[in-house]
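Peer 1: Structure in C-alpha cells, see below.
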Amino acid sequence: MEPILTISNLTKKFGYLTAVKELSFTINKGNVYGILGPNGSGKSTTLGIVLNVVNKTSGDFKWFDGNTTTHHALKKVGAIIERPNFYPYMTATQNLKLVCKIKGVDYSKIDEKLEIVGLLERKNSKFSTYSLGMKQRLAIASALLNDPEILILDEPTNGLDPQGIHQIREIIKQIAAKGTTILLASHLLDEVEKVCSHVVVLRKGEKLYSGRVDEMISSHGFFELKCNNQDTLVKLLQNNSVFGKIKVQDTLVTAFLNEPMKSDDFNKFLFENGIILTHLVQRKESLEEQFLQLTDKN
Amino acid sequence: MFRLLNLELQKLLLNRTSKVLIFISFILPFFVILLSSLKINVFGFFTLELGELGIFNFPIIWHLTTFFASQFKFFFAIVVVSMIGNEYSNKTLKQNLIDGLSKKEFILSKFYTIVFFSFISTVLISIISLCIGLYYSSYNEISIIFIETNFLIAYFVKLVGFFSLCLFFGMLVKRSAFALAFLFILYILEWIIFGLFAWKFNSDTAEKIQNFFPLKSMYKLIDQPFQRIAMTKFPDKTNLVYDYAVHSYEIAIVLAWTALFIFLSYRLLKKRDL
C-alpha cells in the first residue's frame, strides 16, 4: 500500500491548550478516510498543520514518500477547509483561473470541473451572488482542478440545507468511486458512515482509534426482539451464555451477542423453546453508537 | 516571478476599488503636471504659464516632477494595505496557501507587484518630464538633460520603500484601516522622537538621527524643490543654499528599510497560525 500522508507524534499547543497531542496515523492510497471527533477535538488543527497554514509545535508529517516539500506536495492535493474562501468580486471562472495559476494547471480543466459540480451555467456570475451550497460546490470544483491524489474535506456539509447536503454527498461518492483518496473530517457520523471505509477517532487532540470502520468495536451486533410472552424470553436469554447484556424497553427486548450467531439459528432456537417472535431484527451498532461508546469509555 | 506577478495583478485589476485607486495614484499626477505645464488663461485677465518661471528647465524639472508625483503615493498605499487586508478578511490567504502557494511566494507576489507599479510610475514620470522639459527647457544639451536623472532612481526607491512599509503594516494588523492609522502614528512617533533628541542634544544631531527613521529617510530622498527654485531666482542669497541632491547613502538607508520590512512581513506570516 502506497502511503499518501504519514503523521507521526504530531503535537500542537496554543498557549496552555494542547489542541493535538502526539497524534500518529497513516493515510494510504485509494481508501476513503474519516476523521471523527466532537467539536474542538483537533480535527481542523491537524488538517491545518498538514496543509501548511498552522505551525506544528513538535512531531512530524510527510506527504507521499517524504521526498517532496509540503509546498510542492500541496499542488497534488485538493482541500477545502471549513468555509469556501474565494474573492467575492471575481466570477467563478476568474476565481478558478487564479487557482490554476497557483497550482500550475491548464485553464481547460475549469469547465470540466464546473460541470461535475453543476455550476457550468453560473460560471460567469460573481462569487458574492452565490448561495452557500453553490459556494461549497465551487470549492469542491476548485479542489478538484489539479486532479488531486487526495481530496481533503473539512466539514463540507456544514451549514447547508438538506438538498445541499445531499448534492455534496453525491459528488463525494462520485469522486470516491473514481478511486481518489479522500480524507473527510466531520462530526456528522452518518455522513462518515455512508462514505468512509476507514476512520480515525479523536478526542481532545488524542487518537482513540484508527482503522477500518467495521472493526472499530469488536462486537457481534445485537438482536431486537418482540414477542407476546416477554418474561419467558428474557429468562431464556439470560440463562444462555451466547448473550451478554439484555436490555428491555417497553415491549422491545435488545440482546447483545457475545459470539457470532445467525438470525435463522436464533429463531429456530427460540421456536424450539416455545417462543414465537413477532419482531426480529439483527443489527450491528451504528457508527454513532460505536463512536459514543468509544468516546464515553475513556 | 512572472507567475507571481500575474497572480497578484489578477487579484488587483479585477477589483473595481483598487483599479480606481491605481488609476488615481498613477494617472492623476501626470494630468496635474501636464495641466500645469499648459498655458492657462485666467478669465482673460492674465495668462498663467508656469513654464515661463523656468521651473521646467532641465535639470530642475526632474526634481520638481518626482517630488510632486510622489505626493500621490498615498493612493497606492491604500491599495497595498487593502490587498493584504482583503486577503485576511476574505480568508483567501489561507486558501492560497492550501492551494499550494508557499508563504514566501505570497509575500514575494505582493513585493513584485509593488516593484512593478513603482517601475511603471517611474517610467511614466520620466517620459512626461522629458516631453515637457524638451518643450520648455532653455537648455537642450544631452549632458544637461540627463544630469539629474538620479532623482528618478530616488523616486523609484522611495515608492518601493514606502509601499514595503505599508505591506508590513498590512501584515502586522491585518486590517486596512488600522494599517493606515499605524502609518500616521509612525509619522507622529518619528516627530516625537525627533523632539526628544532635539531637547536632550541639539536639533542638528536630532535631525541627523531622524534621517535614519523610515518615513523621514524616504522623504529625505527627494527634498522639497521650492527652496531650490527660489535659489535659482535669487542666486546671491546664500542663506537659501541647502543640500537637495540625492545621495547614495540616502538610497542605501531606504533600501535597508525595504529589505527589513519585507523580511519582517515574511517572518510574521511564517510564525502566524491562520
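Glycine is treated like the rest: Cβ placed from N, Cα and C.
So TrEMBL has the following annotated:
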{"type": "TRANSMEM", "residues": "B:20-40", "note": "transmembrane segment"}
{"type": "TRANSMEM", "residues": "B:60-84", "note": "transmembrane segment"}
{"type": "TRANSMEM", "residues": "B:111-136", "note": "transmembrane segment"}
{"type": "TRANSMEM", "residues": "B:142-170", "note": "transmembrane segment"}
{"type": "TRANSMEM", "residues": "B:177-199", "note": "transmembrane segment"}
{"type": "TRANSMEM", "residues": "B:251-269", "note": "transmembrane segment"}
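Please go over these features one by one and say how buried each is and what sits next to it.
Peer 2: Counting same-chain residues at least six beyond the ends of the transmembrane segment (B:60-84), those with a Cβ under 8 angstroms from any Cβ of the stretch are 8, 11-12, 17-18, 21-22, 24-26, 28-30, 32-33, 54, 110, 113-114, 117, 121, 125, 128-129, 132-133, 136-137, 148-149, 151-152, 154-155, 158-159, 162-163, 166-167, 169-171, 174, 176, 179-180, 183, 222-225, 228-229, 232, 244.
Among residues of the same chain six or more beyond the transmembrane segment (B:111-136), those with a C-beta under 8 A of the stretch's C-beta atoms are 1, 4-5, 8-9, 12, 22, 25-26, 29-30, 33-34, 37, 51, 56-58, 61-62, 65-66, 69, 76, 80, 83, 145, 149, 152, 155-156, 159-160, 163-164, 167, 262.
Under 8 Å from some Cβ of the transmembrane segment (B:142-170) lie the Cβ atoms of residues 58-60, 62-63, 66, 69-70, 73, 76-77, 80-85, 107, 110-111, 114-115, 117-119, 121-122, 125-126, 130, 133-134, 176, 179-180, 182-183, 186, 214-215, 217-218, 221-222, 246, 250-251, 254-255, 257-258, 261-262, 264-265, 268, all in the same chain and six or more residues away from its ends.
Non-local neighbours of the transmembrane segment (B:177-199) in the same chain are 77-78, 81, 84-85, 165-166, 169-170, 205-207, 209-210, 213-216; each lies 6+ residues outside the stretch with a CB under 8 Å from one of its CB atoms.
Using a Cβ-Cβ cut-off under 8 Å and counting only residues 6 or more beyond its ends in the same chain, the transmembrane segment (B:251-269) has close neighbours at 103-104, 106-107, 110-111, 153-154, 157-158, 160-161, 164-165, 167-168, 171-172, 211-212, 214, 217-218, 221.
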Peer 1: Near the transmembrane segment (B:20-40), which same-chain residues lie under 8 Å Cβ to Cβ, leaving out any that are not at least 6 residues past its ends?
Peer 2: 12-13, 47-51, 56, 65, 68-69, 71-76, 78-79, 117, 120-121, 124-125, 128-129, 132, 135-136
